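Over in TrEMBL, the protein carries these features:
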- 40-75: repeat 'WD' (REPEAT)
- 82-113: repeat 'WD' (REPEAT)
- 124-165: repeat 'WD' (REPEAT)
- 166-199: repeat 'WD' (REPEAT)
- 208-231: repeat 'WD' (REPEAT)
């Protein structure tokens, strides 16, 4: 596996979403012209996380208002508002197969949901500070969570148990992503470093330097040969 020893801006799979807006609207943007196509109303606080369903028919958004909302991209309406976090929800992610999704927030836990259930199916508890970022493993059997406690945890979706704890960062974790083959996990933090982990052995196998500030986004190329990082 070859990792390009450089870094550049990336906006992950949210190329149509302005999720950094400080207002309480979700904006659907045209990826070519950056013109505004739709505004989704519903949240009562800033939106911090967003995720498309694999079929691109739905959108999840997480907000400071403590909710996760499911939107139809056919009608541009809110279908469900999920309430379980009592504090801001920093991130939410669909599973690779849709239906299930995960959320993480200021209450120090991550929650596993199904789109047709109003209550969480699992609560992943163990972090000592905010859960800043979440990501499903490519096989959907595991969830990774990155926290302000400077650790990354890997959770078994079926039983809710923590099966790995990755320690090595010197600051809060703000981004993570799995390699397409599911063997590796890349993590980024406020320490400006990108760390690469072998999931099977639970070991750090690489460190990529270059950033001088928080690494806010990470994404592997489709063939897994290149890793892009952005702040």
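Cβ atoms here come from the backbone N, Cα and C positions, even for glycine.
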(request) Could you pull out which residues elsewhere in the chain have a CB under 8 Å from any CB of the repeat 'WD' (166-199), counting only those six or more residues past its ends? (result) 1, 3, 7, 129-130, 132-133, 135-139, 144, 146-154, 205-220, 222-224, 227, 229
(message) Looking only at the repeat 'WD' (82-113), how are its residues distributed among DSSP helix, strand and coil?
(response) 0 helix, 19 strand, 13 coil
(request) Note the mean pLDDT of the repeat 'WD' (166-199), expressed as a whole number. (result) 97
